[in-house]
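Database features, via Swiss-Prot:
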- 28-217: domain 'RNase H type-2' (DOMAIN)
- 34, 35, 126: divalent metal cation binding site (BINDING)
- 209-230: region 'Disordered' (REGION)
- 215-230: compositional bias 'Polar residues' (COMPBIAS)
């Protein structure tokens, strides 16, 4: 076995290996960070930070994308019950359009860390981008399948965002947010083409911006004819 990646692809990966490395380097209060919602055409990007007791095992916790919705909901409660601290940060659609999705994601991650009731001593972050915070940290590609703390954060972020999109489905019917959660499903693209974008759509994203109402000259502007005015 070499590092975290076993020579036998069927061998299980030690989801506590990264946490163990940080502990051996003298870091304590380790928090895993992940996000949900970078790719959708609508809604927020949600980040979560989870700090687990050292050595805690959480059977079933893995990359949230590999779990069923029912399993994620079940583990969401388990993580909240077993974790030392859980924090959530949200970058709404307006922030995404204002500063771009990467910067909105990092902002949400920073807010999630700040929301922790215990100040972390080390951050394990899914992805390749550091969070602009004065806390020792390590980025991990595919971290939600390599670190238990990051995997737990991915579940918290995913369930939190999914619940928000179900609420938005009731607020903006016709788009199917409860089913596709704002991602670019064929039914979602068809709804945008038919109804036009709604207020929570990301207006800088392809698939949405093409359907924004044109901005007429102020001298010739008449009443808005779209379903939603911006």
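In case you wondered, yes, glycine gets a Cβ from its N, Cα and C as well.
The Cβ of residue 34 (divalent metal cation binding site) has 47, 48, 64, 125, 126, 143, 144, 150, 151, 153, 154, 157 as same-chain neighbours under 8 Å, each 6 or more residues away in sequence. Per-residue pLDDT, averaged across the domain 'RNase H type-2' (28-217), gives 96. Listed in sequence order, 45, 46, 47, 48, 105, 108, 109, 126, 157 are the same-chain residues at least 6 apart in sequence whose CB falls under 8 Å from the CB of residue 35 (divalent metal cation binding site).
Residue density at residue 126 (divalent metal cation binding site): 27 other Cβ atoms are found within 10 A of its Cβ, drawing on all protein chains shown. Excluding 34, 35, 126 themselves, the residues of that chain whose CB lies within 8 A of the CB mean position for the divalent metal cation site are, in sequence, 33, 36, 47, 48, 109, 125, 127, 143, 144, 150, 153, 154, 157.
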